[in-house]
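Peer 1: So TrEMBL lists the following for this protein:
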type: DOMAIN; residues: 16-186; note: domain 'Era-type G'
type: REGION; residues: 24-31; note: region 'G1'
type: BINDING; residues: 24-31, 71-75, 133-136; note: GTP binding site
type: REGION; residues: 50-54; note: region 'G2'
type: REGION; residues: 71-74; note: region 'G3'
type: REGION; residues: 133-136; note: region 'G4'
type: DOMAIN; residues: 217-294; note: domain 'KH type-2'
Amino acid sequence: MTDLHMTSNDAPTDSHSGFVAIVGKPNVGKSTLLNAFLNTKVAPTSPRPQTTRRGVRGIHTTDTHQIVFVDTPGVHKPKDALGKYMNQEVHAALADVDAILWVVDLRHPPTDEDNMVAHQVRDLPKPLFLIGNKRDVAKYPEEAMKLYRGLLEGRSGDTTELTLSAQNDTAAVATLREQVMDTLPESPFFYPRGGASDQTREMWAAEIIREEAMKKLRDELPYAVATRVTSWTEREDGLQRIEGEVVVEKNAHKGMVIGSGGKQLKEIGQAARKQLEIFLNRKVYLGLEVIVIPGWREDEEALRELGYE
């Protein structure tokens, strides 16, 4: 696994560096693309929309270039304070980046949410990449791409188009990464070499746990679930002892997460532990507790306590 933490900064004098936002509606493959860029997992993925809730920075560094990718939550019509926070993360990212990757799903024509994204990026004076994802499973990719292109009609800035499969098209991902590098301004590196993300290990592990919870839980419950790591210690034999919480809004939800005889929570914990062990290359003990914070998605103080700030 690429180290999640920063090491040393030794950028050359002729270096190029910049921030690049990855935007799009929910469930189009933004996080999958980020992980493919970095060849390691820094962002959670799942078949369910709105898996990403906060901007995740992934860092790719070469001898002369450094791209800081900002994976953003899916743009959507918010229903609660959490949803508003997620959309604010997108607005903030777009204001501060040097280039934009707009990811769309070629399996489907544009939706209202795609129009929302187009409205945000159309007039920004920054290099824009229109990325048609899931090409390998799209029935009419060229026709879909034409419709998405039409949403940018009237744009005066530079736009580059590319279709790919973020999940398994390594050559196209590498080509896109090179094209993005060409847009970066001359600048010192923002982060030291050797790191893949600016997340703390606790934030990263909490997202791994939430990803597995989203895969296991059904219907609307995944969106009422948050996770956090409360302690992380390393034993002399290298065992990583991690304690975490799965946060829900109602006592009824708590029972659903725990499951009959604790089966559901055990399965979530086992799946998350396996992922953590793969990426940490260490044995992991993962202890999970389910707690209730009533209405946390509408409670700004609770959102801050859970790291959404």
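Every residue, even glycine, has its Cβ placed from backbone N, Cα and C.
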Peer 1: I need the least crowded one of these binding-site residues (Lys30, Arg135), counting other C-beta atoms within 10 angstroms of each C-beta.
Peer 2: Arg135
Peer 1: Work out the three-state DSSP category of Gly24 (GTP binding site).
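Peer 2: In three-state terms, Gly24 (GTP binding site) counts as coil.
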Peer 1: Rank the binding-site residues Asn27, Thr72 by the number of other Cβ atoms within 10 Å of each Cβ, and give the residue at the low end.
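Peer 2: Comparing Cβ neighbour counts within 10 Å for the binding-site residues Asn27, Thr72 gives Asn27.
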Peer 1: What is the Cβ neighbour count of Gly24 (GTP binding site) at a 10 Å cut-off, with all protein chains included?
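Peer 2: Gly24 (GTP binding site): 25 neighbouring Cβ atoms within 10 Å.
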Peer 1: Within the region 'G3' (71-74), what mean pLDDT does the predicted structure show?
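Peer 2: Averaging the confidence scores along the region 'G3' (71-74) gives 74.
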Peer 1: Name the secondary structure element type, per DSSP in three states, that contains Thr72 (GTP binding site).
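Peer 2: Reduced to three states, the DSSP call for Thr72 (GTP binding site) is coil.
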Peer 1: How many of the residues that make up the domain 'KH type-2' (217-294) does DSSP mark as helix, as strand and as coil?
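Peer 2: Once the DSSP states are binned, the domain 'KH type-2' (217-294) shows 33 helix, 27 strand, 18 coil.
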